[in-house]
Amino acid sequence: MRILILNPPHPAIGSRIPKEQLPPLGLLSIGGPLLDAGHDVTLLDAEFGPLTDSEIVERVCAHCPQLLLIGHSGSTSAHPIVCRLTLFLRERLPNLIIVYGGVFPTYHFHDILTKEPQIDFIVRGEGEATVAKLIAALENHNDLNKVDGIAFRRDEQIIETLPAPMIQDLDVYRVGWELVDLKKYSYYGGKQAVVIQFSRGCPHLCNYCGQRGFWARWRHRDPKKFAQEIVWLHRTHGVQLFNLADENPTVNKAIWQEFCEAIIAENISITIIGSTRADDIVRDADILHLYRRAGVERFLLGMENTNEATLKHIRKGSKTSTDREAIRLLRQHNILSLATWVTDFEEVRDRDFIQALKQLLYYDPDQIMSLYVTPHRWTSFYGIASERRVIQLDQTKWDYKHQVLAATHMPPWRIFLWVKLIEILLQTRPKALWRLLFQPNKASRRGMYWFTLMGRRVLVHELINFFFGDRRVKNGPTLQEFWGMPQEHQEIPLSITRK
């Protein structure tokens, strides 16, 4: 079958501000098995440019695919763009089969199939096996009810098949790297870069996380095979930077150590950045030198909040003392720390921001990223926040960088100014400037320069958009009225029983 995979353009700050793009790992992961099954597969990455709607439609029509696969890693905020593009494509290509996948459609499939008649199928959960089975069923005119992990319409009824089995062995399906020109992708200040995934899922129980349930359970690739893929990408394609897509790659100390040692044995000079938990860093204090020798240059630490009571409320499972010790240990081993701090979990006041500033200064991270809580209805936090008022009705702004919920005691502008003030104070304090200017490690210094430059661009962009661009409502619907009933009981879309 002639298949086109479309990565739609995204207006989010992370997509537009850096002026660099990373390859769409999720779509490439779907493409690999389709290529191996003998299909004619092409990927159109509309993030470059970005392409306009008309340019995308013309390119898709010129290719004239039989089937279109569409999805985006920022699936909640990208959904309106997907709907708009597929509507245009349906008008031009009435016989095109349109298949939509990702985290957001996995949970909102009923709403989407009700409101968006141009979309034919939705893939729920992991797509590597499911998409290939769906296409085989379409080609052979088999019963679609027997394809696990999909949703579709039949006789004006929405059909949801059984959950697809969770992929037990992540090395079974390969990434279709040949679908893109890897030399076009860069990150972190011009380094040729890819997104790559060692593990899926997370064993922790944070009640606001929209990813944990989607992956069902934490699983990892074979550490030696994963290392060999990195070596191949570096030596064959010149990839310098590897951005880990994992929620938590360091869950298993022995497995992660095996990966680090496999990379070290290859004697290659690469940069690895990603996310992990502070308690893993503290646990691994005796092997952090292996992290650095393997190329780990920066880890994002999801601290989420500086208040112990809030951390307990959201089931983060960490302590502020552990967070600070993790940052200290990373610095001791010349690994940069990027601390994420999320506000608006609960009703906030000025004193909460003052306390947050004091605590973040105490943490002393190299870099900081402030986010706003963004509830998903398949998480248990959604039920907690369901009666809060929504102030942002534009779904493209539900990207963690925009306020979406009203606060009783503070207007949005004051929350915004507090968040920006904290960022500025953290990044311009003498200690931070000294590290920026006199960072002894050349590679780390370059990374800090790049992050600082991006921070300046983001600050200007956010100030202009908050006061002159974004539109908020004062008496919006409740969260439940906006998104619908909670789906906590459907948080895990995969079958975890071995077949």
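Cβ coordinates come from backbone N, Cα and C, glycine included.
What you see is a predicted model, and the numbers here were worked out from it, not measured in a lab.
What Swiss-Prot records for 9-145 is domain 'B12-binding', and it gives sequence analysis as the kind of evidence. Annotated domain 'Radical SAM core' per Swiss-Prot: 188-420, in sequence order, evidence recorded as sequence analysis. Taken from Swiss-Prot, the feature [4Fe-4S] cluster binding site applies to C202, C206, C209, supported by similarity to another entry.
All protein chains included, C209 ([4Fe-4S] cluster binding site) registers 22 other Cβ atoms within 10 Å of its own Cβ. In sequence order, H204, L205, Y208, Q211, R212, E247 are the residues of the same chain, not among C202, C206, C209, whose CB sits within 8 A of the CB centroid for the [4Fe-4S] cluster site. Confidence in the domain 'Radical SAM core' (188-420), given as mean pLDDT, stands at 92. The Cβ of C206 ([4Fe-4S] cluster binding site) has 21 other Cβ atoms within 10 Å, all protein chains considered.
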